[in-house]
Amino acid sequence: MSELAASLLSRVILPRPGEPLDVRKLYLEESTTNARRAHAPTRTSLQIGAESEVSFATYFNAFPASYWRRWTTCKSVVLRVQVTGAGRVDVYRTKATGARIFVEGHDFTGTEDQPAAVETEVVLQPFEDGGWVWFDITTDTAVTLHSGGWYATSPAPGTANIAVGIPTFNRPADCVNALRELTADPLVDQVIGAVIVPDQGERKVRDHPDFPAAAARLGSRLSIHDQPNLGGSGGYSRVMYEALKNTDCQQILFMDDDIRLEPDSILRVLAMHRFAKAPMLVGGQMLNLQEPSHLHIMGEVVDRSIFMWTAAPHAEYDHDFAEYPLNDNNSRSKLLHRRIDVDYNGWWTCMIPRQVAEELGQPLPLFIKWDDADYGLRAAEHGYPTVTLPGAAIWHMAWSDKDDAIDWQAYFHLRNRLVVAAMHWDGPKAQVIGLVRSHLKATLKHLACLEYSTVAIQNKAIDDFLAGPEHIFSILESALPQVHRIRKSYPDAVVLPAASELPPPLHKNKAMKPPVNPLVIGYRLARGIMHNLTAANPQHHRRPEFNVPTQDARWFLLCTVDGATVTTADGCGVVYRQRDRAKMFALLWQSLRRQRQLLKRFEEMRRIYRDALPTLSSKQKWETALLPAANQEPEHG
């Protein structure tokens, strides 16, 4: 290692063998004039043809300098590459506007016996509001990049000793793949001190045929803990409980079981954790497992006007790096150069310092949804910020492939939103009328779309919230079965294999654009109201009027029908939504009564939940839920 490059922050990494072009663009950009495609013999080396140009202005290899400027003690970073052949390395940076600035360039000539080491130090001072740094390689002869990386100029403070926690539920193959990836790279393997797997399913990870090999590489570091299905919050709470009680690990890394891991992401969040000015949560970003070049979001916040998660200012959902590269003049790409500050990070990849976990306590008993947001907000109240670090990411199933806004998860969305709002919603915008108004709007939309089961379980969500924090903990395991029982009585919650299971629709589908003109919106709304005041035609409950694709199932179409099939978000089945005037009015009145109670009692519930936070987040309280597993010896790999 050179005198300048003292501690690795981020390696240059290359695509896996056989990756498609759109995924390759997350790692490198090749000039269209190159005679042949660059080849990566390993994950950290690249063979480039003669008279070619390759840019590392990419998601995984550009350096997010503004984040390191804002959150760490680093004053500068060093690019260090080892190359053979003849060519040139040019270093560029950007401003927060996306404007590109040349930094410096170096010609190089290296041989197999003596590779050339090219180093460039980049001062971080100009990156207050945004900006990245990257390098390009232009070749004269064939060139091999043997290694490259971004380095700090001083040794990393603290200790690298991570407890990785992967709760799993009936995904043994996915979990085994994640375990295998943890030991696939020596640098990643050596920083992992423990791997904790709470197994909450019936199909056990240890029964998978590939488990013994994956477990053998982890050895005594791996522990499997069987426990009831307590959801993600119960799984992650077990991870934190075991990490604090039975390890000396200084970092706790939460990860989902159903992800595809980029192992270097672990090293990158660890590096930021170690160089951070003060303890903080460091999270990775999420790429779309089905469209791998698509980034879910640069970062998220909680909208304090309605207390709902949303994109952070200047961040947009679903950015496609294959279509809009980082170094692109498109307005969408320019937004990527701003530093995005967040309220929380999803627990698909999130590193929590041991010190923070010891001070804040356990996650809330929310089963799923909002537990990650709560912890980020709770940390901020204790002076611990959260950063969502670009270039550190995993691939996860996109939310667009799920019906979680209308299926059983809708219960947890609303109930837990209310719980977390009661815990953390303060300031001039903390007026529950905004939240209730947004819920009323959503309720009317659900009823117009014949999503009666959604309204029914959301009514239960309000009831359970108003019943108080002790009740919330008591139903940690039982709430989901109760929600399933409620949904079974509504046709819109019964999934059929295909629309062909029913008689053919009475009408062919017609294209309907969303209304934007206020007069047209008013007309469609009036038609829908008048239609819903009349009794439904029983014939349309035996034979649907339309077969509606999921993307077309909007209020302005469904509010004037009595029966229609709607395809599920994953495309694997349909539900037969049927209008029922009596049921609709009953659900509406029940919802309105509960919303009135929310308005009346929210201040009271705010005090009750805040008083209960120390108990809800305590190890002692969580032991009562984890007791069946706590009385067992964990199984080690």
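Yeah, the Cβs are placed from backbone N, Cα and C, and that goes for glycine too.
Site annotation (Swiss-Prot, ligand Mn(2+)) includes Asp256, Asp258; from His106, His382, His396, His413, the additional listed residue is His396.
Site annotation (Swiss-Prot): UDP-alpha-D-galactofuranose is bound by Arg171, Asn229, Asp256, and the candidate from Gln190, Gln200, Gln285 recorded at this site is Gln200. Taking only the Cα positions, the spacing between Asp372 (active site, proton acceptor) and Asp258 (Mn(2+) binding site) is 17 angstrom. Taking a C-beta cut-off of under 8 angstroms and a sequence separation of 6 or more, Asp258 (Mn(2+) binding site) has the following same-chain neighbours: Arg171, Asp174, His396, Met397. Here the binding-site residues are Gln200, Asn229, and the one with the most other Cβ atoms within 10 Å of its Cβ is Gln200. In the three-state DSSP assignment, the secondary structure recorded for His396 (Mn(2+) binding site) is strand.
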